[in-house]
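Participant: Straight from Swiss-Prot, here's the annotation block:
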type: BINDING; residues: 37, 38, 42, 150, 151, 152, 153, 154, 174; note: D-ribulose 5-phosphate binding site
type: BINDING; residues: 38; note: Mg(2+) 1 binding site
type: BINDING; residues: 38, 153; note: Mg(2+) 2 binding site
type: SITE; residues: 136; note: site 'Essential for catalytic activity'
type: SITE; residues: 174; note: site 'Essential for catalytic activity'
């Protein structure tokens, strides 16, 4: 990732710390992956605190595929089958079947309905019967080990939520341009500045975790 583009957001470690602070303050974070991977920026929010307004922003400026990143333990708790048995997608993204809250929603499409679905899925005592399948929220199962195992937005979201002190569950959606094309780093940086979002790269998060885990050992 071009560090000159990112310099206004601080050093790699500062970017991670700023992202964690933003999440704790209820703000969103823009997460960029490598230019030779997906080369995309995802808007992420804590599943526990994301507001209807933030969901509306995400739907309006994103791909429309609003994803809920969860752990394997949560997937099992909710009895969510993986979307396919043989995942042949380019990066092995861990989609499960889609979901809708069983109660408290209308069509499930609105920002408010999607927030209701997210909250139902991450509730402490959530049961499989609390969710209907299919629906308009796309759960993503993160790999154990986070970004140190797989350098994806799904794992980055879970790692950031955990480091910020939230449940390991977060909402993500890819940022798109007004013409429907995918936003690349310059557009993601502009959007993050405009909407008071912190910005961090998956590479930053890998380095941050490696450094902290070396200290711990």
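Using N, Cα and C of the backbone, Cβ positions are placed for all residues, glycine too.
It should be emphasised that the depicted structure is a prediction, and the values quoted were computed from it without experimental measurement.
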Participant: Test of understanding: give the count of other CB atoms lying within 10 angstroms of the CB of residue 136 (site 'Essential for catalytic activity').
Facilitator: 20
Participant: Return only the integer: C-alpha distance in Å from residue 42 (D-ribulose 5-phosphate binding site) to residue 136 (site 'Essential for catalytic activity').
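Facilitator: With the alpha carbons as reference points, the distance is 18 Å.
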Participant: Looking at the binding-site residues 42, 174, which one has the fewest other Cβ atoms within 10 Å of its own Cβ?
Facilitator: 174
Participant: Please report the DSSP secondary structure of residue 174 (D-ribulose 5-phosphate binding site), reduced to three states.
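Facilitator: Where residue 174 (D-ribulose 5-phosphate binding site) sits, the three-state DSSP reduction gives strand.
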Participant: If you count other Cβ atoms within 10 Å of each one's Cβ, which of the binding-site residues 151, 153 has the most?
Facilitator: 153
Participant: Which of these binding-site residues is closest to residue 136 (site 'Essential for catalytic activity') if you go by CA atoms: 151, 153, 174?
Facilitator: 174
